[in-house]
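Colleague: Dropping a structure here in structure tokens format, bear with me for questions.
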Amino acid sequence: MEKSRPLWDNPLQFVFACISYAVGLGNVWRFPYLCQMYGGGGFLIPYFIMLIAEGMPLLYLELAVGQRMRRGSIGAWKIISPYLCGVGVASVVVSFFLSMYYNVINAWAFWYLFHSFQDPLPWATCPLNSNRTGYEEECEKTSSTQYFWYRQTLNISPSLEASGNVQWEQALCLTLAWLVVYLCILRGTESTGKVVYVTASLPYCVLIIYLIRGLTLHGAVNGLVYMFTPKLEQLSNPKTWISAATQIFFSLGLGFGSLIAFASYNEPTNNCERHAIIVSLINSTTSIFASIVTFSIYGFKATFNYESCINKVILLLLNAFDLEEGSLTADNLNEMKDYLMATHPQEYAQLSPQLKNCSLEAELDTAVQGTGLAFIVYSEAIKNMEVPQLYSVLYFVMLLMLGIGSMLGNTAAILTPLTDSRVIATRFPKEVISGVVCFINCVIGLIFTMEAGNYWFDIFNDYAATLSLLLIVLVETIAVCYIYGIRRFEKDLYTMIGRKPNWYWKIMWAFASPLLIISLFIFYLTDYILTGTLQYQAWDATQGQLVTKDYPSYALAVIGLLVAASTMCIPLGALVTFIRKRLKRERVSTVA
């Protein structure tokens, strides 16, 4: 259905919408985690190569397709070729999967936000046991922040097989999260334009506050040095390049159909080339900016833990050997340990199991993936700050703004094709369509509020989109360059922005980006085959730590269905179109 008027009041509002969607939770925790895991500053090298060879060109392509075709993802690719209708359907399916589980992060953010007004913060100390004679045993074996996350927030089961019951507190938070999303899209995608100013700008205000506070924290420099010290040997690791590419895909929102949906509401003469460059650069700059904030806080946390460890060792030695107060310091600790080992070998041997090997490098090397970084690491740093309630509220409000901004893009990718359909749009008002989409996602999302819900969350997060996005974007690029035709696309761009694309864009679209995606596709499948049995991290309450377990057979079946549900839409769409055309020709020939 042709857009009767643009959704955006001005081009700046469109840029804010793209930034609100692209700049999300992945910039705050996924990019810093990958930066830590794959070589610190060395990770920036493949990241920026992928940005230039993949991110900017493909973002420009999707924005141009949406703006030119004036349709959502399904309608846009159907105009290019009826056989490509499955590409748009695949994008909608991926966006639907993403919406199902992604809003759970907002539910967790609401949960932490509601608890941020307590004094002291509930994750600051371990709770007392039922006899009130000591602390909970599980909490003593781990830490107060991990205990609050795994036990009081998730109430996590010991394995995926133990599904458990729905946690009503988390279910209520999830319902609230979907209610907020529904209110933001109450009149379909049109109301999105009024919300994006807040969801795009407020996180930057909070990040600036955290940057100022983070850089003044004791040990912040240790985190920043760790971040910008490159481990160049990681450049020979294929996983580094795959992770850099997938981070570009996720952070820019390529392949989900959201950008095509947003661009379809643009003025036909909007300069999508300029906006592609602006959004790409702002997104990547935000990732680095958020990493500086994260690593300054991470350095504070690591330094605090390291110094706490040192102080405990010093106290043990002072008490055990009746040493004079002040004779042991962090600077002479190793020398004194060697001296005591030589002069009091028996006493030292008995005390040795209690003496931890304190290492700042080991604390900094302790990687926490995904939601762990967003909720465990930050909450542990927050509890040690002055006025922790203030910083906790600011942080979780920021998470909510980032999460809601991403959800607006995800739901737009689903709603736009539905409202483009004459059959649906003429029978149901936008409020009903939006409400049904939100209600279905909320009901299915209750799976992630069960005791085993976090394991299902990881399955969806790891497998619902990665392989599918590679295939979707590859087909999109080939479709524009070789089915629609690069020359025809050039003319469309000239009509829209007044000039044809230069050699950089054409080389990237026609050769570099497809070859790069095919290489990543091969690397991903090879790594998957070599990995063998897929595994996950399960919480062991008796040890107070995560343990590795193999996925059960039904979980592997779900993973296969998640991948197949979206990727198979592309060939099935082409097959259905072919059969329809064949039957239509036969009917025409029969009548004739």
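Any Cβ shown, glycine's included, is placed from N, Cα and C.
Remember, TrEMBL labels are computer predictions, not curated facts.
Under the heading transmembrane segment, TrEMBL lists 12-31, 43-61, 82-102, 168-186, 195-221, 241-265, 277-298, 393-415, 436-457, 463-486, 507-526, 554-579. As annotated by TrEMBL, Na(+) binding site applies to Ala22, Val23, Asn27, Ser251, Asn283, Leu402, Ser406.
Could you place the listed features in the three-dimensional structure?
Modeller: Sequence-remote contacts of a segment are chain residues at least 6 beyond its ends whose Cβ falls under 8 Å from one of its Cβ atoms, and for the transmembrane segment (43-61) they are 34-35, 37, 230, 234-235, 240-241, 243-245, 247-248, 252, 254, 259, 272-273, 276-277, 279-280, 284, 288, 473, 476-477, 480, 504-505, 508-509, 512-513, 516-517.
Nonlocal intrachain contacts for the transmembrane segment (82-102), taken as residues 6+ away from its ends with a CB within less than 8 angstroms of a stretch CB, comprise 72-76, 255-258, 260, 403, 406-407, 410-411, 413-414, 417, 441, 444-445, 448, 456-457, 460-461, 464-465, 468-469, 471-472, 475-476, 479, 483, 562, 565-567, 569-574, 576-578, 581.
Same-chain residues lying 6 or more positions outside the transmembrane segment (277-298) and placing a CB less than 8 Å from one of its CB atoms are 15, 18-19, 22-23, 27-29, 31-32, 35-36, 44, 47-48, 51, 55-56, 59-60, 204, 207, 210-211, 214-215, 217, 220, 223-224, 226-227, 247, 251-252, 364, 373, 377-378, 381.
Under 8 Å from some Cβ of the transmembrane segment (507-526) lie the Cβ atoms of residues 50, 53-54, 56-58, 61, 238, 241-242, 245, 466-467, 470-471, 473-474, 477-478, 480-481, 486, all in the same chain and six or more residues away from its ends.
Same-chain residues lying 6 or more positions outside the transmembrane segment (554-579) and placing a CB less than 8 Å from one of its CB atoms are 82-87, 89-90, 93-94, 97, 160, 459-460, 463-465, 467-468, 471-472, 475, 534.
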Colleague: Name the residue among the binding-site residues Ser251, Leu402, Ser406 whose Cβ has the smallest number of other Cβ atoms within 10 Å.
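Modeller: Across Ser251, Leu402, Ser406, these binding-site residues, the one with fewest Cβ atoms within 10 Å is Ser251.
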Colleague: Can the transmembrane segment (168-186) be said to touch the transmembrane segment (463-486) if we require at least 3 CB pairs below 8 Å and skip pairs under 6 apart in sequence?
Modeller: no
Colleague: List, by number or range, the same-chain residues at least 6 past the transmembrane segment (241-265) whose CB is under 8 A from its CB atoms?
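Modeller: Those are 3, 6-8, 14, 17-18, 21-24, 26-27, 30-31, 34, 37-38, 43, 46-47, 49-51, 54-55, 58-59, 62-67, 69-73, 76, 88, 91-92, 94-95, 98, 189, 272, 279-280, 283-284, 287, 409-410, 412-413, 415-417, 465-466, 468-470, 472-473, 476, 516, 520, 523-524, 527, in sequence order.
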Colleague: Test of understanding: give the count of other CB atoms lying within 10 angstroms of the CB of Asn283 (Na(+) binding site).
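Modeller: A count of 25.
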Colleague: Ten-angstrom check, please: count other Cβ atoms within 10 Å of the Cβ of Asn27 (Na(+) binding site), all chains counted.
Modeller: 26
